[in-house]
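Listed features, source Swiss-Prot:
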BINDING   11, 12, 13, 14, 39, 122, 124, 203  NADPH binding site
BINDING   123, 149, 150, 174, 197, 210, 215, 216, 219  1-deoxy-D-xylulose 5-phosphate binding site
BINDING   148, 150, 219  Mn(2+) binding site
């Protein structure tokens, strides 16, 4: 009997890797439904190959005459609200949320409250709304398996260890494309340079985040909410080879390391099959192929956004929500060539400084904080606060 999967964000890098896994295991899984934001050509290709029950184009301004309302047996839905309809479908058993940004929140909550198993790759949902999402996960006893390579690695390690023996969890980071540049050189990084990553093929926003290690900061906050580990016991190391994806340090001084070829098919396959083991290798890669492995601590002068993430996480309340929203707004300005790469963390810092930290209890309150933080970034830009410093 095949397991029905709903894939949100099918046209992105995680979505494409998920489709690779589904192709490798046609007897085990079938694509029940999927979404794209606005890539209609990609949507047509996926529909033709997998013939799912539903297809959602989340961009409400998309030209509806291109795909219409039905292709073969596939119903075509439009708008962000339709994402929730997909995951609530009774036949859906597993939901993979690979949508970038806080837009992934409502479909993630819909999956949690509908009793679906959740493979979460949308880190912004936990970063922005962590306490609220965790309370819903506990209430509905939802099984959540992280899809990000680092969190999936830590998930597998922690599942196999006695939690009382754990001293610290460590996320690895490639260091991005600019790890060898001086701090002075970073000020002149171009958009074209920032959209290149040495290891992973990702979308523009995540690539920019990764090159400034703000992405790793988001992952630190996500790890806190996923695993319940205090920030003082979460570490980050730069590991350029991207072979080791997660490290668990034990109280006795020993460490366990999860290592694999840097390919998203490994964590995705694990999240789909869990708690059963993945039945066959998708890509052979042994220790003799690793070569030299290097690890070192990140320089927070080079990566100030990482330090800000730890500060926001420790502050708690709405601070992570403000951090994420300010970053998304600042990255958007950078991609429009309106601010420098090195100004992104400055906008985050000033937004955190200008906004009070609250402790909301409702989704609407969190969303209002998110909205105000984005508006604050634009106000800072208009007032030339950052560039004046």
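Every residue, even glycine, has its Cβ placed from backbone N, Cα and C.
Recorded residues residue 124 (NADPH binding site) and residue 219 (1-deoxy-D-xylulose 5-phosphate binding site) have their alpha carbons 9 Å apart, per Cα-Cα distance. Proximity note: of the listed binding-site residues (14, 39, 123, 219), 14, 123, 219 have a CA within 10 Å of the CA of residue 148 (Mn(2+) binding site), given in sequence order. For the recorded site, residue 14 (NADPH binding site), the DSSP three-state label reads helix. Taking the centroid of the Cβ atoms of 148, 150, 219 as the Mn(2+) site, the other same-chain residues with Cβ within 8 Å of it are 123, 146, 149, 151, 152, 171, 216, 222, 223. A count of other CB atoms within 10 A of each Cβ picks out 219 as the most crowded of the binding-site residues 124, 148, 150, 219.
Straight-line distance linking the Cα atoms of residue 13 (NADPH binding site) and residue 150 (1-deoxy-D-xylulose 5-phosphate binding site), rounded to a whole number, equals 16 Å. Of all Cβ atoms in the shown protein chains, 26 besides its own fall within 10 Å of the Cβ of residue 215 (1-deoxy-D-xylulose 5-phosphate binding site). Residue 203 (NADPH binding site) is surrounded by 16 other CB atoms, counting those within 10 A of its CB over all protein chains shown.
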